[in-house]
Amino acid sequence: MNRCWALFLPLCCYLRLVSAEGDPIPEELYEMLSDHSIRSFDDLQRLLHRDSVDEDGAELDLNMTRAHSGVELESSSRGRRSLGSLAAAEPAVIAECKTRTEVFQISRNLIDRTNANFLVWPPCVEVQRCSGCCNNRNVQCRASQVQMRPVQVRKIEIVRKKPIFKKATVTLEDHLACKCETIVTPRPVTRSPGTSREQRAKTPQARVTIRTVRIRRPPKGKHRKFKHTHDKAALKETLGA
């Protein structure tokens, strides 16, 4: 089983090399990884293109033939050393999705957000967190079981050049179990221009009507002296007199 897991690291290196050159990665490789169909080195060799390996070997032979006689011995000795180091190297093992010990920095915001004139001791602690890689690009190593653990730290304040020690409690999050979960990415909502226009047409628009209000002035009243006079002719005579 360990040998099977060790096959994935060279395959990942190959995928990175292909993506760096600009060629699209075949979907069959991801399907085989997700179906756990790679069980031996023969299955891995079927996925890798042997033409690229042959081209690398031909290029190496061409460079060796073009070199001078003195450089030929040096390049051949380097090639032998590289082959010997490859033979002595141990097979790579995939980093499984599981809990590992990580270092967590205790920031001052976790203790007091209103004050920054203090120190925290210890400044960092160890926590258990999920890490590792999964077989498919659409899944990610995440925590399936979490436990909250309170710890006690020291809050050191400096007052009048003297340290004052206080106790504070910080809650840490430890991962107890991990598993590879599918990554859910929200799909962007695309709206056609015709749909937005139709919605605007259906939406009733509020119309603002401005009305002009005329203020009527009260009628001019007669002079108190001539209120009893109703005849216009007599009124003119009186005013004319």
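Note: Cβ is positioned from N, Cα and C throughout, glycine not excepted.
As recorded in Swiss-Prot:
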COMPBIAS  217-230  compositional bias 'Basic residues'
DISULFID  C97-C141  disulfide bond
DISULFID  C130-C178  disulfide bond
DISULFID  C134-C180  disulfide bond
CARBOHYD  N63  N-linked glycosylation site
REGION    217-241  region 'Disordered'
SIGNAL    1-20  signal peptide
SITE      R108  site 'Involved in receptor binding'
SITE      I111  site 'Involved in receptor binding'
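When the CA atoms are compared, the recorded positions lying within 10 A of C134 (disulfide bond) are C97, C141, out of the candidates C97, R108, C141, C178. In the shown protein chains, 19 other C-beta atoms lie within 10 A of the C-beta of C141 (disulfide bond). Ranking the recorded positions R108, I111, C180 by Cα distance from C97 (disulfide bond) puts C180 first. DSSP assigns C97 (disulfide bond) to coil in the three-state reduction, placing it in neither a helix nor a strand.
When the Cα atoms are compared, R108 (site 'Involved in receptor binding') and C130 (disulfide bond) turn out to be 25 Å apart. Considering only the disulfide-bonded residues C130, C141, C178, C180, I111 (site 'Involved in receptor binding') has C130 as its nearest partner by CA-CA distance. C141 (disulfide bond) carries a strand DSSP state (E or B). Of all the disulfide-bonded residues in the list C130, C178, C180, the shortest Cα-Cα distance to C141 (disulfide bond) is found for C180. With respect to Cβ neighbours within 10 Å, the disulfide-bonded residues C130, C180 differ, and C180 shows the lowest count.
When secondary structure is read from DSSP and collapsed to three states, I111 (site 'Involved in receptor binding') falls in the coil class. Taking a C-beta cut-off of under 8 Å and a sequence gap of six or more, C178 (disulfide bond) has these contacts in its own chain: C97, K98, T99, C130, G132, C141, R142, A143, S144.
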